[in-house]
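Below: one structure, written as structure tokens.
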Ligand code: DON
């Protein structure tokens with residue numbers, strides 16, 4: 001009997017060892033996931049503001065924020081939580097959360113280190129400069145926005161894997177398992193998701209030849225369960241093999257096969273060679289705060305530095321929030337910065353960007369000195385791009401953990417559900433990020449942004465982005481963590497959020513939710529959100545500005561933590577965004 005007992009003990013020990021070596025089978029791992037236990041994927045609420053003491057996660061979906069909090073409570077750090085939250089968003093927020101897209105992660109470690117992971121998509125090796133021009137030489141945005149040709153080589157999985165290898169703490173599989181469970185068991189969709197899925201139904205049918213989880217016979221409604229078994233299988237490969245589970249083997253073949261069926265360009269070689277790049281963040285001072293933000297190939301950091309730099313020469317805090325003077329100055333700073341973007345910015349591994357000149361105090365002072373208080377500076381006359389109809393389908397998340405590590409990450413498929421093309425058999429959407437290149441110098445892209453040679457298409461080049469994940473430090477500790485989706489409006493939203501808090505002393509809730517405005521040089525229009533004060537609009541119009549109303553400007557996530565005080569997390573009321581803290 002004793003011998004049998006000993007043999008059984010050895011047998012079970014071997015099974016456990018084998019399981020550990022293989023990354024643990026699902027049944028065992030299910031115990032290491034909160035889904036269906038502390039997190040109910042069918043009943044949840046969206047907490048818009050949380051004031052707490054220890055740690056906080058803000059993301060575009062309540063379930064993803066809860067996954068992030070659970071990771072922190074399991075002893076994970078901010079990087080672990082950011083990874084798990086992004087993987088959960090790839091399931092519960094498929095319009096923008098992704099494994100088929102790319103993004104940027106700004107990390108501040110409690111030991112003082114600041115770093116950035118660039119997991120932006122790249123043009124495929126076979127991409128060519130004029131690939132989106134029609135026979136008359138005009139950009140054909142159907143090709144750069146829909147289907148296989150619009151997809152850049154995805155970067156998200158490489159980025160998350162590299163972040164974990166270098167800065168993560170918990171086992172990788174524990175970060176992936178909640179996403180697998182959400183995909184496998186399904187979750188109740190929100191009203192917004194139901195509306196988007198219904199609106200995109202025809203696109204899913206047009207751009208896919210195989211059945212997809214996002215299409216069903218009757219319209220989607222809030223509370224319906226969305227199950228994604230193919231995506232769950234893909235995530236299991238990522239759980240068990242890490243980056244290799246995506247860029248080689250079955251998933252890589254599925255991507256390439258989908259490309260072949262739909263005339264796309266991405267090859268096995270493209271996938272194998274893709275690397276996330278760790279970059280030096282852009283760090284600068286603003287009125288005694290240290291801003292840590294993203295460098296090229298996002299335009300966001302340089303432009304944020306330019307805008308904050310330009311306004312710093314004026315007593316904007318005395319003019320006050322919502323005053324015509326302060327608002328005009330901010331608009332003029334935005335205009336000048338977007339004009340520079342169009343000319344100078346692109347992938348720094350391909351073009352030389354004069355960062356030092358563009359951000360020097362002398363240059364910025366001279367640049368803003370051409371503005372006349374009380375009178376709009378005209379941008380050069382041009383046709384407006386198709387810009388106002390755009391929705392906000394990138395996604396941002398902020399994490400602050402108990403030790404003072406902070407992460408600000410923005411990632412995307414580009415617009416709503418990206419290219420609408422789902423990798424056959426693998427259940428995930430591919431991005432349509434190729435549209436962020438300048439298909440033809442001077443021609444506006446989806447966001448009305450024009451570009452120059454600096455952002456022309458070239459094989460393995462990264463398309464210029466507006467994503468601006470940012471961490472503001474005070475006395476070397478995270479004071480404010482923010483970012484947002486919104487295409488070209490991302491940078492102006494982050495700019496306004498920072499100024500609203502640091503200069504105008506608005507509450508975090510107001511800084512996120514008050515109506516925003518946006519100017520991007522071309523078209524020469526100030527976009528304002530519904531609810532923008534009438535008196536301010538009239539004052540701007542009398543200075544010569546043309547105003548146009550648009551639905552939403554961004555969907556800002558924000559954590560504010562003044563030293564020694566409580567932590568406030570705010571999720572934007574414009575979407576399903578939610579905070580989870582403890
Ligand atoms: O990287 C960029 O700048 C864009 N692809 C971001 C897209 C976005 O924010 C979608 N929302 N409108």
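Glycine is treated like the rest: Cβ placed from N, Cα and C.
Keep in mind that TrEMBL annotations are predicted by a computer and have not been checked by a curator.
For reference, TrEMBL has these:
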{"type": "ACT_SITE", "residues": "394", "note": "active site, nucleophile"}
{"type": "BINDING", "residues": "120, 412, 413, 414, 436, 465, 466, 487", "note": "L-glutamate binding site"}
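All features noted in TrEMBL, drawn onto the structure.
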residue	record	contacts (Cβ under 8 Å, 6+ apart)
120	L-glutamate binding site	102, 103, 104, 152, 155, 297, 298, 433, 462, 463, 465
394	active site, nucleophile	96, 103, 410, 411, 412, 413, 414, 467, 485, 486, 487, 490
436	L-glutamate binding site	414, 445, 455, 463, 464, 465
466	L-glutamate binding site	298, 299, 300, 447, 449, 486, 487, 488, 489, 490, 491
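In this structure, the binding-site residues that sit close to ligand 1, with a C-beta under 6 angstroms from any of its atoms, are 436, 465, chosen from 120, 413, 436, 465. Apart from the site residues 120, 412, 413, 414, 436, 465, 466, 487, the chain places the Cβ of 101, 102, 394, 431, 433, 463, 467 no farther than 8 Å from the centroid of the site's Cβ atoms, the recorded L-glutamate location. Pairwise Cα distances among 120, 412, 413, 414, 436, 465, 466, 487, the recorded L-glutamate-binding residues, top out at 14 Å. The 10 Å shell around the Cβ of residue 414 (L-glutamate binding site) contains 31 further Cβ atoms across the protein chains shown. Other C-beta atoms found within 10 angstroms of the C-beta of residue 487 (L-glutamate binding site) number 28, with every protein chain shown included.
A sphere of 10 angstroms centred on the C-beta of residue 465 (L-glutamate binding site) encloses 29 other C-beta atoms. Secondary structure from DSSP puts residue 436 (L-glutamate binding site) in a helix.
Cβ neighbours within 10 Å of residue 412 (L-glutamate binding site), excluding its own Cβ and spanning all shown chains: 31. Other C-beta atoms found within 10 angstroms of the C-beta of residue 413 (L-glutamate binding site) number 33, with every protein chain shown included.
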